[in-house]
Amino acid sequence: MSVERNSAVGEQPSVKPKKAAKGAKVKRAEPAGPAARSAEPAKRAEPVKPAAPESRLAMVRRARRTNRELAEVYPYAHPELDFRNPFELLVATVLSAQTTDLRVNQTTPALFAKYPTPEDMAAAAPEEMEELIRPTGFFRAKTKSLIGLSTALRDRFGGEVPGRLDDLVTLPGVGRKTANVVLGNAFGVPGLTVDTHFGRLVRRWRWTEQEDPEKVEAEIAEIFPRSEWTMLSHRVIFHGRRVCHSRKPACGACPIAHLCPSYGEGETDPEKARKLLKYEMGGQPGQRLNPPAGYPGRPAPARAE
Ligand code: SF4
């Protein structure tokens with residue numbers, strides 16, 4: 001382990017990352033996929049010694065620098081749900097609870113072919129919809145939400161998805177996270193998406209100690225200008241899915257390791273860490289069947305492999 005750290009995620013850092021000693025021999029990862037050059041890990045060669053607690057100003061500077069460096073690593077960061085309009089994004093986001101975006105993307109083409117509008121979905125037979133969305137899990141509850149929110153869109157919003165957070169959260173199955181995804185990506189209204197990846201990473205980075213998503217959102221909103229919120233969310237979630245995994249973060253292949261007080265929580269050997277990288281970083285297909293232009297990886301397969 002190269003960094004002493006507090007055992008509980010979210011504790012204040014008791015250490016400060018330090019550069020490798022001059023002349024120290026450092027193993028580096030080999031290139032791994034399209035983003036490999038910018039994904040080279042920082043040099044680490046010796047245990048980091050405890051330092052004074054980081055000031056708020058230093059943390060904010062480090063957080064903003066991390067965002068800038070993530071923008072260089074993932075210039076193509078984007079929502080990983082396939083959608084063609086706000087209604088499809090809203091439905092896909094509701095379906096994405098407790099499953100992967102890939103599974104949702106493999107499920108929604110048939111769903112939207114059968115129910116292309118809120119009016120169509122509001123009139124759906126529940127058992128038929130359940131069969132269509134079964135692969136996403138919790139299909140009975142999700143069917144109830146989708147029929148309920150479609151009915152609300154039809155009856156209260158003229159069949160259109162509203163572009164205001166206060167309206168979106170009144171829809172069945174729609175919380176702040178879903179509302180922010182829709183606002184940020186279908187309406188261009190800045191929003192922070194505090195999902196499981198975002199929460200885990202910002203706590204590892206000591207940007208916040210909060211566990212509650214709404215409190216995390218409020219604290220991160222204080223660090224960054226509104227104009228950054230949507231893209232920051234995509235970058236952090238991209239990094240969480242590709243490099244900084246929940247159980248085995250690929251620290252030895254992490255392009256922002258030099259900015260991370262939790263370096264060493266995962267695999268630090270560059271070769272072993274490189275094997276943990278996912279999607280385009282690991283040379284694998286992405287999650288979207290129809291990725292946006294500029295995505296350097298391969299599209300996802302239409303069916304589960
Ligand atoms: S992979 Fe490791 S070094 Fe990189 S952000 Fe996550 S915990 Fe920090």
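Heads up, the Cβ atoms here are built off N, Cα and C, so glycines get one too.
According to TrEMBL:
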- CYS244, CYS251, CYS254, CYS260: [4Fe-4S] cluster binding site (BINDING)
- 16-26: compositional bias 'Basic residues' (COMPBIAS)
- 291-305: compositional bias 'Low complexity' (COMPBIAS)
- 95-242: domain 'HhH-GPD' (DOMAIN)
- 1-58: region 'Disordered' (REGION)
- 278-305: region 'Disordered' (REGION)
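A map of TrEMBL features onto the structure.
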residue	record	DSSP class
CYS244	[4Fe-4S] cluster binding site	coil
CYS251	[4Fe-4S] cluster binding site	helix
CYS260	[4Fe-4S] cluster binding site	coil
Fewest other C-beta atoms within 10 angstroms, as judged across CYS251, CYS260, which are the binding-site residues: CYS260
Which value does the mean pLDDT take for the domain 'HhH-GPD' (95-242) in this predicted structure? 97
Pull the DSSP breakdown for the compositional bias 'Low complexity' (291-305) and write it out as helix, strand, coil residue counts. 0 helix, 1 strand, 14 coil
